[in-house]
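Let me begin by presenting the structure, written as C-alpha cells, before commenting on it.
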Amino acid sequence: MQASLIAFMISLVLSALLFPWLIIWMRSHDEGQQIRDEGPKWHEKKSGTPTMGGTVFVLSAAVATVAICAYKGQLSKTVWILLVALLGYGIIGFLDDGLKLFFKRNLGLRAWQKMDLQLLVAAGIVLLAASDNFDFALYLPFAGVVKNVVLFTLFEVFWLVGFSNAVNLSDGLDGLATGLSFIAYGTYAWLAFKSQNFGVLVFCMAVMGGLAAFFMFNHKPAKIFMGDAGSLALGGGLAAVSIFLGRPWSLLLVGIVFVCETASVILQVASFKTTGKRIFKMTPIHHHFEMLGWSEWKVDLVFWLVGLVGSGIYLMIWG
C-alpha cells in the first residue's frame with residue numbers, strides 16, 4: 001500500500017507542476033476550447049479555456065506507474081496492457097483535441113476515424129492479453145461462466161470502446177468527469193488492494209493522483225479542460241481495469257453515471273428518429289438538469305453522490 005501511495009504522490013506532484021505551465025502556454029498562444037453550438041448558450045463564455053489537460057495527468061500517471069512497478073520488480077504484462085489502454089485512448093484524444101485547436105472549431109476527428117482508432121487500440125489490447133495466457137472467461141447472467149475466446153474478445157472490444165466514449169460524454173461540466181473518474185478509480189484501487197493485485201493498485205492510485213492535481217485547476221470555474229485526451233484515456237483505463245480484475249460487470253455500478261449519460265444520448269436519438277420527439281431537454285443528461293435550472297455545482301454534487309452510491313452498493317454486495 002505504501003508503494004501505491006508514493007505512486008499517487010509522484011503523479012500528483014508532476015501534474016501539479018505541469019498544469020500551470022500548460023495553462024500559461026496555451027493562453028500565450030491563444031489556444032483554447034471552442035464550445036459547440038448545440039450546447040447550452042451560457043457555456044459560450046467558456047470558449048477559449050485551455051484544454052488538453054488530460055495529456056498531463058495521463059503522462060504523469062504512466063510515469064508514476066512505471067517507476068514504482070519497475071522499482072518493486074512488478075512491471076508485469078498486465079501493467080503494460082493497462083498503460084496501453086490509458087495511453088492508446090489518450091493519443092486518440094490528443095489527435096482529436098489537436099485538430100479542434102488547429103481548426104479553431106469544436107470538431108476534431110471524424111466519427112468513423114475516431115471509432116476505427118478506438119477499435120484498433122482495443123484489438124491491440126486483446127492481442128496482448130492473448131499473448132499473456134489471459135483467462136478468456138466471461139460470466140453471463142443466467143448462463144454462468146462461459147469460456148469462449150470469440151465471445152470474450154467481442155465483449156472486451158465493446159467494453160473498451162463503449163466506456164472510453166461514455167466518460168467522454170460525461171465530460172461536459174467543470175469537474176464532473178474528474179470527480180466521477182476519481183471515485184471509480186478509487187473503488188478499483190480498493191478492490192485491487194483486497195485482491196493483492198499490486199500492478200492494478202499502483203496504476204489506479206497513479207491515475208487518482210493525477211486527477212487530484214487536475215481538479216485543483218478544473219473545478220468551477222475551470223482554468224483548463226481535460227479534453228478528449230483525458231476523457232477517452234480515463235474511460236479506456238477503467239474498462240481495462242475492470243476486465244483485468246475479473247470484474248467487468250462491476251463497471252455498470254461503479255460507472256453508473258457514465259452508463260446513464262450514454263443511455264440518455266441513445267434514448268434521445270432513438271426517440272427523435274422514431275417519433276420526432278425528444279425525451280430530455282438536452283443530452284447528455286447533465287445538460288438536461290442544467291436546462292431545468294440546476295447550477296453546475298449542483299449537477300456535479302448530485303452526480304458524484306450517485307457515483308459514490310453506485311460504488312458503495314457494489315462494494316457492499318460484491319466487494
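Cβ from N, Cα, C; glycine included.
As recorded in Swiss-Prot:
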type     : residues : note
TRANSMEM : 5-25     : transmembrane segment
TRANSMEM : 51-71    : transmembrane segment
TRANSMEM : 79-99    : transmembrane segment
TRANSMEM : 119-139  : transmembrane segment
TRANSMEM : 149-169  : transmembrane segment
TRANSMEM : 173-193  : transmembrane segment
TRANSMEM : 197-217  : transmembrane segment
TRANSMEM : 224-246  : transmembrane segment
TRANSMEM : 299-319  : transmembrane segment
Legend entry - Feature contact check the transmembrane segment (224-246) with the transmembrane segment (79-99), CB under 8 Å, 3 or more pairs: yes
Legend entry - the transmembrane segment (51-71) in contact with the transmembrane segment (5-25), cutoff 8 A, at least 3 CB pairs, sep 6+: yes
Legend entry - Among 119-139, 149-169, 173-193, 197-217, 299-319, stretch most in contact with the transmembrane segment (5-25) (C-beta, under 8 angstroms): 197-217
Legend entry - Same-chain residue ranges lying at least 6 outside the transmembrane segment (173-193) that approach it to Cβ under 8 Å: 1, 4, 167, 200-201, 204-205, 207-208, 211-212, 214-215, 218-222, 226, 230-231, 234, 237-238, 241-242, 245, 247, 250-251, 254-255, 257-258, 286, 290, 296, 299-300, 303-304, 307-308, 311, 314-315, 319
Inset, instruction - Sort out for me which stretch, of 119-139, 224-246, 299-319, has the most Cβ pairs below 8 angstroms to the transmembrane segment (197-217). - result: 224-246
Legend entry - Residue numbers, six or more beyond the limits of the transmembrane segment (149-169), whose CB comes under 8 Å of its CB atoms: 85, 89, 93, 115, 118-119, 121-123, 125-126, 129-130, 136-138, 177, 180-181, 228, 231-236, 238-240, 242-243, 248, 251, 255, 258-259, 261-262, 265, 284
Legend entry - Positions whose Cβ lies under 8 angstroms from the transmembrane segment (299-319), at least six residues beyond its ends: 173-176, 179-180, 183-184, 186-187, 190-191, 194, 220, 247, 250, 253-257, 260, 286, 289-290
Legend entry - Close approaches to the transmembrane segment (119-139) from elsewhere in its chain (Cβ under 8 angstroms; 6 or more beyond its ends): 77-78, 80-81, 84-85, 88-89, 92, 145-149, 151-153, 155-157, 160-161, 236, 240, 244, 246, 248-249
